[in-house]
There are 4 protein chains.
Amino acid sequence: MEHLPDHLLSGYRNFMGGRYSTETKRYRELAATGQKPMTMVIACCDSRAAPETIFDSGPGELFVVRNVANLVPPYQPDGGHHSTSAALEFAVQSLKVKHIVVLGHGRCGGIQAALDPGAEPLSPGDFIGKWMSMVAPAADIVANNSMMTVGERQTALERISIRFSIANLRTFPCVKILEDKGRLSLHGAWFDISTGELWAMNRQSGDFERPGNG
Amino acid sequence: MEHLPDHLLSGYRNFMGGRYSTETKRYRELAATGQKPMTMVIACCDSRAAPETIFDSGPGELFVVRNVANLVPPYQPDGGHHSTSAALEFAVQSLKVKHIVVLGHGRCGGIQAALDPGAEPLSPGDFIGKWMSMVAPAADIVANNSMMTVGERQTALERISIRFSIANLRTFPCVKILEDKGRLSLHGAWFDISTGELWAMNRQSGDFERPGNG
Amino acid sequence: MEHLPDHLLSGYRNFMGGRYSTETKRYRELAATGQKPMTMVIACCDSRAAPETIFDSGPGELFVVRNVANLVPPYQPDGGHHSTSAALEFAVQSLKVKHIVVLGHGRCGGIQAALDPGAEPLSPGDFIGKWMSMVAPAADIVANNSMMTVGERQTALERISIRFSIANLRTFPCVKILEDKGRLSLHGAWFDISTGELWAMNRQSGDFERPGNG
Amino acid sequence: MEHLPDHLLSGYRNFMGGRYSTETKRYRELAATGQKPMTMVIACCDSRAAPETIFDSGPGELFVVRNVANLVPPYQPDGGHHSTSAALEFAVQSLKVKHIVVLGHGRCGGIQAALDPGAEPLSPGDFIGKWMSMVAPAADIVANNSMMTVGERQTALERISIRFSIANLRTFPCVKILEDKGRLSLHGAWFDISTGELWAMNRQSGDFERPGNG
């Protein structure tokens with residue numbers, strides 16, 4: 001097993017002696033009957049914002065897509081290989097999830113790059129630039145708002161892009177139809193790495209609010 | 001906070017009373033100094049195979065991409081929005097990870113769809129079909145081997161597609177160059193949901209082997 | 001006693017001072033009353049996979065056929081000298097065994113020869129080639145799957161040929177009739193020489209599974 | 001693991017906790033480097049006469065063919081599926097064993113059938129009858145010798161057929177050539193189930209002798 005980094009092997013041994021050992025029955029059932037998660041989470045790749053950690057989730061609970069800055073592109077059935085759209089389709093049509101949560105977080109590197117597209121080390125022709133260009137119109141407006149601090153602009157764009165992803169979710173016919181029928185709900189959330197606070201998007205106003213602060 | 005499903009809120013309270021509360025310092029430092037994960041994991045969206053769970057990882061350890069069937073497309077700088085390629089670029093060029101692990105797992109729904117492309121409920125024109133068509137050549141060969149059981153074919157394609165993703169990783173110049181210089185290592189692993197076993201890919205032979213079973 | 005190799009004589013003295021001496025009564029009874037084994041095992045000649053060792057069996061327990069790659073040919077009452085068929089008939093009709101186990105194993109030289117029929121040192125006109133040609137159709141399919149590693153192809157054919165032998169067992173009228181009456185069960189197993197693991201064939205799916213891993 | 005009879009599973013657990021656990025290194029090496037047995041044994045299927053038990057042999061020591069009455073047919077390259085010839089070829093040409101031992105034993109059911117071919121439950125058209133017809137000429141002579149007791153006739157034919165098998169071994173060119181060059185030796189042995197005695201064939205006289213009785 002010299003084929004994996006030591007820190008992963010050591011963590012895996014903890015898993016086997018811990019969670020797997022106490023939840024063996026659950027794993028076996030999940031293997032035998034297949035997954036039936038109620039919730040899909042679209043989260044960021046950031047190592048500090050894993051949804052299973054933030055929501056203390058066990059096996060079988062969350063179907064999770066993770067890409068840079070937790071973006072959802074618009075519905076675009078052009079025959080290309082669409083990672084996020086494929087996962088969305090699978091979650092909604094095959095697994096029939098009841099909730100989709102777009103989970104953003106503070107100090108997101110992708111959002112930072114979008115606000116400062118010329119910055120090192122990401123060059124103009126790269127994939128990150130293209131990927132984050134999905135939020136370019138909002139990024140331009142926010143970046144030009146010199147009245148907000150750097151930190152405020154970052155948080156603002158993080159939250160705008162969550163609302164933007166939720167809007168894009170609704171361009172997928174299967175999402176729109178099921179949401180209209182009341183069989184699927186869309187949610188936004190934003191995690192503050194430093195304080196551990198979770199802010200949930202108010203579905204009426206679009207505002208982000210803290211528990212008990214509604 | 002009625003804006004999020006109850007099970008997520010309840011899990012979040014566990015997180016705040018548990019992990020966050022014992023690791024507050026770590027979260028604050030990670031927020032202040034930024035993430036510096038040593039390892040990127042490319043994993044599946046499956047709710048039963050979260051890398052943070054399997055590797056018992058804490059905040060800041062794993063930079064994680066999750067898409068259906070943990071696929072890496074080949075290097076294709078065509079100006080499109082490439083979710084996985086963008087994340088890869090970010091991990092390698094900006095975060096300078098030392099390891100990339102492609103983590104597959106048993107009973108993968110995406111692989112199952114690839115082996116039976118005409119099956120319900122995924123129609124021919126959908127995103128999952130297009131996404132999984134990346135492994136179509138291998139899927140065809142495996143699917144036609146009627147001597148193997150359904151389960152054996154599934155496992156075979158899951159492992160083939162891990163090797164395929166690792167080969168595609170090497171089509172990215174930044175990956176190839178750093179691997180050749182010995183500054184980046186590529187790994188494959190396959191998780192058995194039922195038994196909890198982790199099989200690591202032998203980098204010489206491509207075979208999947210269990211701990212201490214070399 | 002210079003008529004036998006030293007290592008056998010030395011081992012025989014161990015047997016007399018050990019097992020025979022503690023089980024003298026059992027040997028005498030088995031000699032007096034005849035053998036009544038409940039189980040027949042069809043195993044490979046391989047020196048690393050003796051069924052008595054793997055199943056820690058004592059005298060009188062296992063009626064054992066061993067040929068290269070633990071193959072069972074189909075029922076062919078053509079008047080020829082059929083070693084395996086004769087043993088099968090003896091076990092089923094005369095000894096009335098209740099179980100027949102086809103026991104395969106990893107790294108089987110016969111299977112290796114079947115996957116690479118032109119390889120040295122076995123020439124085209126030899127007995128091994130003819131013997132292993134019984135699994136040639138499956139070998140061809142497996143050998144042509146270049147997506148699987150050499151090791152994966154080997155394991156695949158080892159398991160396919162166990163299922164194939166079990167299917168051939170059912171072509172013998174005496175086996176078929178007794179199995180249908182519930183008086184005889186057929187089993188498959190595969191032994192991993194390196195790890196010592198025994199994988200048992202699931203009689204429904206044909207898959208090979210490990211203890212407690214259902 | 002309900003797929004195997006209980007007595008085998010229980011024995012397997014003994015093996016894993018016993019022999020495998022104390023000889024793990026040896027099994028791993030044997031798996032990695034392949035088998036290199038010095039000795040091939042041609043033995044009977046009888047559950048009371050396993051060569052690994054009688055010779056107290058460990059993994060990797062004996063390459064073992066087992067058929068009813070430990071017979072070796074003559075060299076007959078007719079394109080048929082010859083189980084014993086295939087194993088012989090594999091042992092001699094590929095594994096390059098130094099010794100071949102034909103191991104017979106007392107109270108052999110196959111020999112008994114040969115001496116009484118009309119007896120129940122083996123009918124004329126069966127495989128056992130055909131298989132044992134290899135020793136029919138000797139069986140006829142012995143069966144007609146009414147001066148010997150039933151037991152003496154049985155032992156006589158058991159030993160005659162060992163010499164007969166050794167003679168047949170020499171009809172294989174690869175055996176003959178290597179024996180003439182002094183690179184392969186042929187041995188006969190006969191095991192008494194009741195007393196545990198091993199009788200070795202004197203290569204000059206063909207007599208069976210006990211240790212220290214030469």
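A Cβ is built for glycine as well, from the same backbone N, Cα and C atoms used for every other residue.
Since we're looking at a predicted model, the values are computed, not measured.
The feature Zn(2+) binding site is assigned by TrEMBL to C:Cys44, C:Asp46, C:His105, C:Cys108. According to DSSP, C:Cys108 (Zn(2+) binding site) is assigned to coil rather than to any helix or strand. Of all the Cβ atoms in the protein chains shown, 25 others lie within 10 Å of the Cβ of C:Cys108 (Zn(2+) binding site).
With a 10 A radius on its CB, C:His105 (Zn(2+) binding site) counts 23 other CB atoms from all the protein chains. There are 31 other Cβ atoms within 10 Å of the Cβ belonging to C:Asp46 (Zn(2+) binding site).
Listed in chain order, the residues near the Zn(2+) site other than C:Cys44, C:Asp46, C:His105, C:Cys108 are C:Ala43, C:Cys45, C:Arg48, C:Ala49, C:Ala69, C:Asn70, C:Gly104, C:Gly106, C:Arg107, C:Gly109, C:Gly110, C:Ile111, C:Glu158, C:Phe191, C:Ile193, each with its Cβ within 8 Å of the site Cβ centroid. Proximity to chain D, defined as a C-beta distance under 8 Å, is registered for the following binding-site residues out of C:Cys44, C:Asp46, C:His105, C:Cys108: C:Asp46. When Cβ atoms from all protein chains are considered, those within 10 Å of C:Cys44 (Zn(2+) binding site) total 28, not counting its own.
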